[in-house]
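Some notes on the structure that comes next.
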């Protein structure tokens, strides 16, 4: 049995996990693919650096092209990240007939169509299960498990850092800034946390999920993004009073082939399966016309969980090699993308307003809602002793985003509304 | 494009769903497989019976062999159930080179190896995603998503009827017998509920999941089964007091390649993801050495959810036909089955004893535990005013099943223990 040779690009957290699994589970892997799988070259930034695993020093290289140009290498496993030069390297690897397994969400969200087109042209596989939700095999599930269904909604907690922060805020009553610092100290958040807390990381993952789930090429620019940096403890307390949890949700929806994708802090009704997904765990809730409600839960990051997905993809590539069917999967994106307008995007909302405390204010506010056809589910005015002015907590029925924007614009011009403190989408 | 012809065997709940999806999603399906998929013959018990969907009467037949012998038919979709004659029909269909998609858990749990061997011999596909957990693509996930990992534990709520009954008992304080009657009236339970409530249905599904997850041929006889008919409201109340829910769990475990599989009412710690799976929903929790904790949640039965899985399998068969790789998947069961002995099966337990209310009894009981090396986590003696005797609620640390059996035997002989009212496995 000729061994299958793998060039591993990147020996950070995930790369180390890939080495551990390929070596540690070699017997199991051979049981499935009937060939040894050998990592024959490893791209690193610094060959001299000390490693937490023992690797044959002769396999290490600092030059990616050494892997790309090696005719012996069948599969490139890319876990180094990056976009610009990484894309060039991947395209050249495909040009030379190498299959690709990648965990790179940025690359696939921004250049997925180009890379997949090149793969198709060259008859190569490109698999990227690990790019979304770490150890959860959600890409496979969407492509194969629900091939028969029409998916209408995908809601994802796809960023562990923000879910950790929101869980801590919810369970311990801590302030955003304090929990962020703690998450940074524990290594759950980067020293520059922007990509996570502003929702950009989640937006990239939702781009990938929406493209696959709706079979149309969704771009990162199509995603409406808002992060969690403005979520306050006060918001969370009010959410609890109403029976909700605040979660950073990616939401991709489809109706009559019109699509919308967004990422925003969302109030999720307790009892909805995604409301109880806590800590660094990820989950993807999928609603299909026929199947109804499903949810897939697991670790969203980490050395071994992410490497599990990478190596499962590697097994899939090798099985295809044995069958001679690499690159033969039908393209998943065969539908024309049609984006919903703000008039077509409907959801329930939660608003927290700081208003003047005098007679007639509520009537003014009610008039604005009525003017834009926004139907109110409930209005609460909690006691705020000692504070100047009053607080109003308003829940709406499902209403178009366009109408809600009009309402918010009107409030901004209304002198009796002193501050629009919070606006949340509501689910569940 | 030559259409792919399907012979559908069974036009009950699932069969009707298959017709609806194949017809309703035809355009989507063609987008993926680049061929029309046509149901050309349908096996029914009574051609004259009125149907909830309109089907071409000329397609209906009461003779299964008409489908088996039709050389035009590429794929048999078997959703009629049964074991004896169904097995013969399936084997003959394979003999004639037809691929099979089946939702038949009994058939696959009891004759899976024979059917899969015949399929391999004839180069045919046999897919059976719908046989376990209805709309949840758990079989795919175990085979492909976790191909790289070593699965150590599978815990499943794989029977909707019993989960509905236990949820009602937990949430509404109702008695088992009353909820069962209600479930029967609603059509969630059969008029003879034995297969569901005694755990046999769950055992068949766990046989299939353990075989795939552990890559060894587990038999139905290997599964230790206990149903929910002895679960009392008192048990559930005590479980709640201790922070647990009572669930009928299928549990398949592996340690050093030694396997155990069981189905039993289990006390699951609240906060464990599977503890909050309620009503007729199913869920399968999978723990892998590398991936850690994951869970897959969705509808376990019903016309369209189950048909979603059936038609997804049909899509997979047709894709394989296009690639010319039917029957080429490596067999998943390549490991020798080694069953754990009672000494090797370890878990925590909950016991409810009715004992004499006098000094020294607790000491006697403690002595029995100590004699068999069973370590106690907690003992509670709730107030039972007006009752004769006392109740003892005992939680143990993890202990072997063999030791627990010895303890129970000793209690049966101890005059101070009047009744062993309940024994539960504890998880989470």
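One is the number of the first residue shown, and numbering goes on along the chain from there.
Quick reminder: no glycine exception, Cβ is built from N, Cα and C everywhere.
Here is what TrEMBL records for this protein:
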- B:205: active site, proton donor (ACT_SITE)
- B:9, B:10, B:11, B:12, B:13, B:14, B:15, B:16: NADP(+) binding site (BINDING)
- B:105: NADPH binding site (BINDING)
- B:190: L-homoserine binding site (BINDING)
- B:350-425: domain 'ACT' (DOMAIN)
DSSP-derived helix, strand and coil totals, residue by residue, for the domain 'ACT' (B:350-425): 24 helix, 29 strand, 23 coil
Residues within 8 Å of the B:9, B:10, B:11, B:12, B:13, B:14, B:15, B:16 Cβ centre (excluding the NADP(+) site residues themselves): B:8, B:17, B:18, B:79, B:80
For the domain 'ACT' (B:350-425), the mean pLDDT of the predicted model: 94
Residues satisfying Cβ distance under 8 Å from residue B:11 (NADP(+) binding site), sequence separation of at least 6: B:19, B:42, B:43, B:44, B:51, B:55, B:60
Long-range Cβ environment of residue B:14 (NADP(+) binding site), under 8 Å and at least 6 residues apart: B:79, B:103, B:130, B:303, B:306, B:307, B:310
Rounded Cα-Cα span from residue B:190 (L-homoserine binding site) to residue B:205 (active site, proton donor), Å: 18
Residue B:9 (NADP(+) binding site) in three-state DSSP notation: strand
Site of maximum Cβ density within 10 Å, from binding-site residues B:10, B:12, B:15: B:15
Cβ contacts of the residue listed as 'NADPH binding site' (under 8 Å, same chain, 6 or more positions away): B:128, B:131, B:132, B:201, B:204, B:205, B:208
Sparsest-packed of the listed binding-site residues (B:13, B:16) - C-beta count within 10 angstroms: B:13
Integer Cα-Cα distance in angstrom, the residue listed as 'L-homoserine binding site' to residue B:16 (NADP(+) binding site): 20
